[in-house]
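Chemist: Got a structure for you, written out below as structure tokens; questions coming shortly.
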Amino acid sequence: MDRLGSFSNDPSDKPPCRGCSSYLMEPYIKCAECGPPPFFLCLQCFTRGFEYKKHQSDHTYEIMTSDFPVLDPSWTAQEEMALLEAVMDCGFGNWQDVANQMCTKTKEECEKHYMKHFINNPLFASTLLNLKQAEEAKTADTAIPFLSTDDPPRPTFDSLLSRDMAGYMPARADFIEEFDNYAEWDLRDIDFVEDDSDILHALKMAVVDIYHSRLKERQRRKKIIRDHGLINLRKFQLMERRYPKEVQDLYETMRRFARIVGPVEHDKFIESHALEFELRREIKRLQEYRTAGITNFCSARTYDHLKKTREEERLKRTMLSEVLQYIQDSSACQQWLRRQADIDSGLSPSIPMASNSGRRSAPPLNLTGLPGTEKLNEKEKELCQMVRLVPGAYLEYKSALLNECNKQGGLRLAQARALIKIDVNKTRKIYDFLIREGYITKA
């Protein structure tokens, strides 16, 4: 019986004849009883009654041909496939090139037939719509979407936020690099042929089973990321900071068990411990009131006010002891006074304090003659001298921090330390200086 050939017009794309190993030309014969893999013969070998292993000349067979109409009586199935391949190769609208590649139809015939049967055909339009809806329903369970109320971030490639999101691409709901990214490499040279021995066939099947298990692990990890909302790392960290430090430590410890329980159960567990911590802290505060002989909340407010005042007085006494400690050294005293002035003005101290370890601090760096000094203002020169940083390196670090701040809309100290691979104390001083001078803003 006649069947549509499942291969293109190129003879090299068809399997060879099992009798003479020549490329098959339509029409050719397919054995209906042998296979898989399918057993194909050319007409010459078929007429000779070729037999091979299990194949016998009296087996039922099918005639594989594309020489019959499908959509139009004047167009054969082979010409239909040739038209689709020509449009895919030459591009939609290049009808002259399509006609030249087909060789059997004119430019006008190709355009008219394609527009009538593949573009304006209502049957095909509804079928394509159903296929699209089915594909969307299929990918809805496997993709890693954000909530409909969220606007997923779209960071530039290799930016700090992109690295925080592990290379997640929101527009594709996929990652640049999958877990076990090279798992497919083990299958690239595997080919199942009929002549394989039982041991070799079992070995190949074992490799395929291993690959399937690696795919399951990849999907399992994606499901954990999707269910727990771990894609937007910054948003996840902001949610963690709602809790007190003790609960944050518990959150960090119990995070490894989140893959075992569901996201709702995990959040309930953390919330219950946060509530327990709040209750314990409130009980401890009430016990402190009871120990002090307080029996009503009005007296408790007065007690809290007096306690705060006592703490402030204690801090002042501590500051006075620091003054007495450094009063013998005029330079250290000046540094302490400047440090206190920065603290009182709400800024981070920019001058290091002297220590009692006996170590002398390094002298300020001499910037005379160093390249890039002329590009610095007086405050920047003073900073480079104190942190002993050459002007060229400072300008490079400043540019990197400014660019990242403009991209993210703000910058945190941890991000600055990730960008600048130098001593963390120097990074902190540069970061505080740029914040104080208004070059960058905190995230």
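Placement of Cβ uses the backbone N, Cα and C atoms for every residue, glycine included.
Just so you know, TrEMBL annotations are computer predictions that nobody has curated.
Quick caveat, the model's predicted, so the values are computed rather than measured.
Pulled the feature table from TrEMBL, pasting it below:
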DOMAIN    12-69  domain 'ZZ-type'
DOMAIN    70-122  domain 'SANT'
DOMAIN    74-118  domain 'Myb-like'
DOMAIN    74-122  domain 'HTH myb-type'
REGION    348-372  region 'Disordered'
DOMAIN    356-443  domain 'SWIRM'
Chemist: Any idea what the model's mean pLDDT is for the domain 'HTH myb-type' (74-122)?
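Modeler: Averaged over the domain 'HTH myb-type' (74-122), the predicted model reaches a pLDDT of 85.
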Chemist: Which numbers of helix, strand and coil residues does DSSP report for the domain 'ZZ-type' (12-69)?
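Modeler: So the counts come to 8 helix, 15 strand, 35 coil.
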Chemist: Give me the DSSP three-state residue breakdown of the domain 'SWIRM' (356-443), ordered helix, strand, coil.
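Modeler: Helix (H, G, I), strand (E, B), coil: 52 helix, 2 strand, 34 coil.
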